[in-house]
Amino acid sequence: MLVLNPVRDSHLYPKSPFTSQGKVIMGFRRKNKAIAAKTSLELDAMQAAGEIVGRALVAVKAAAKPGVSTLELDKIAEQTIRDAGAVPTFKGYEGFPGSICSSVNDMIVHGIPSADVVLKEGDLVSIDCGATLDGWVGDSAWTFGIGELAEENRKLNEATEWVLHQGLQAMVPGNRLTDVSWALEEATRQAEEKFGLELFIVDGYGGHGIGRTMHEDPFLANEGRPGRGPVIQEGSVLAIEPMLTNGSCDSYVLDDDWGVVTDDGSFASHWEHTVAATADGPRILTPRK
C-alpha cells in the first residue's frame, strides 16, 4: 500500500501519513542518514509474511472473472491470509474496510472492495495486499486483465511490470534512496520505446520503508534525480511500487476518501514488491508461487 509524497500538498487527504504542513505522523521521520537495516533472520521473517501475500494474490487472480465482485475477491484474500496464520494488514488500517485494495480501470490505487464493483471482460484490475505474520509485514500489488485487454492497456500493464523489475535492480547496498527513484524513472522512459506507448508517472505517490509496520521511513518517489536521500544498507527494505497510466499524471481522490482515480479517465497499472538490499543483490520478499 503506497503513501503520498509529503511535500506535495495537492495530493494530501485525510488518510495521508503527513499533514499539509509536512508534520510527520504515523512513525515517519525525515532526516535519517541511512535506511534502517534488518538482520538476515528478520528478512526471512518478512519473506514468510510476503509469501502469504503472494499466495493471496495468486488466489485472487484465479478467482477474478467476469461477473465476480471485488468484495468476493476481498473475502478470498482474507481467508487465504488467515488460513496461513497471518492477519490482513490493510483491514482496519486508518479505517480501511478491506483486506485488499481493488482498483479497476481508471482507479489507480486504494479502491475499496465492493459488491457493486462487478468485473467484466476487458477490465484492468489492480490488487494491493498486505499480511502481518509474527509482527512482520509483507506488502505487494499486481495488475492483471479480465479476459482480453485492449492493446494499449495490455502494453501499459506489461510496461509497468517491466519498470518495477528494472527499477528494483537499484536496491543494492551503497546506493541512495533516489537512485531507486531514478532507476524507476529511467525504466519508464525506456519502456515507452520498448512497448511503443506514452507513459505517465502518477504524480505525488510512491513507495515506502516497511518492516514491523506497513509504513516506515522513508518515502520513495517514483521519479527524481539520483544520489540523494538516505543510504541503502545491507538489510534495508523498501516497498517499491511504480504507478503508470496511459493518459495523465494527475489524479484525484473520491468522496470515500480512499479511491484514487486518473483525472482524465485513462487506465492505470500498479505493481509492487517488498524488496531487501543484500550482498547478493536485490531480494524480493513477496514472491508469487
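Positions of Cβ are set from backbone N, Cα and C atoms, glycine also.
If you check TrEMBL, you get these features:
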type: DOMAIN; residues: 45-278; note: domain 'Peptidase M24'
type: BINDING; residues: His110, His215; note: substrate binding site
type: BINDING; residues: Asp128, Asp139, Glu272; note: divalent metal cation 1 binding site
type: BINDING; residues: Asp139, His208, Glu241, Glu272; note: divalent metal cation 2 binding site
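When the alpha carbons of His215 (substrate binding site) and His208 (divalent metal cation 2 binding site) are compared, the span between them is 6 angstrom. Across the structure, Glu241 (divalent metal cation 2 binding site) and His110 (substrate binding site) are spaced 13 Å apart at their Cα atoms. In this structure, His215 is the one among the binding-site residues His110, His208, His215 with the smallest number of other Cβ atoms inside 10 Å of its Cβ.
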